[in-house]
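Inspection log for the structure reproduced underneath, given as structure tokens.
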Amino acid sequence: MIKVAPSILSADYVNLEASIKKIEHSADAIHIDIMDGQFVPSIAYGPGWVKAIRPITNLKLDIHMMVENPERFVKPLADAGADIIDVHKEATPHIHRALQMIHKAGCKAGVVINPGTSVESIRPVLYLADQVLVMTVNPGFGGQKFIPEMVNKIQELSDLRKKYGYKYDIEIDGGVNNHTVKSAYKAGTDVAVAGSFVFDNPDPAAQVRSIKQATK
Ligand SMILES: O=C(CO)[C@@H](O)[C@H](O)COP(=O)(O)O
């Protein structure tokens, strides 16, 4: 069964603690998007939010940095209580160093690829990755449509993991619901991030369970 990490980008910002409590017993992690208004057009969250969220849940905090030069925020995020820090291949010329910095800061390291970025381009750093996040929409906004062509990349990552004994989890993010998750899971996805499908519903916990149910 797939693991689910609800994205709080679609949660009720004013009642964030209540939103998190609703999914706490059905979810496997919380996905927190950090956006700088440059790498992506929107602005969202930051280390201060991570620090505020840390004491209110025991769930792992999976931090997706959509920021230019993400190296700047590795230490502040680790100090704030991040468990996994994900950096975009496209956001730094030094992705290898960025992953090393995350490990040095005591966190698990994730590498992220946009829909227009190939698996081939991150081949040299796969041995360092604890997680590979395949964007199934172009990053920056919730509520977009899943791009089915990205399933080929998941398959490719899954094949490489088998062939070379890599240890990374494969995560998907964008347009995930209880239908789109099926082909992605079959191709080898371990963790599904879902925002609007979970939180734009009066019963977010049931939505999380329905994604899991779809991959049983
Ligand atoms: O990283 C992002 C958006 O760039 C996400 O984590 C969104 O929060 C996913 O939202 P949905 O597509 O599930 O509504």
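For all residues, glycine too, the Cβ spot is worked out from N, Cα and C.
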Residue from H64, H88, H94 that TrEMBL also lists as binding divalent metal cation with H31, D33, D173: H64
Starting from the substrate binding annotation in TrEMBL that includes H64, G140, F141, G142, G143, D173, G174, G175, G195, S196, which of S7, S19 is the extra site residue? S7
What does the structure give for the C-alpha distance between S7 (substrate binding site) and D33 (divalent metal cation binding site)? Integer Å is fine. 7
What does the structure give for the C-alpha distance between G140 (substrate binding site) and D33 (divalent metal cation binding site)? Integer Å is fine. 9
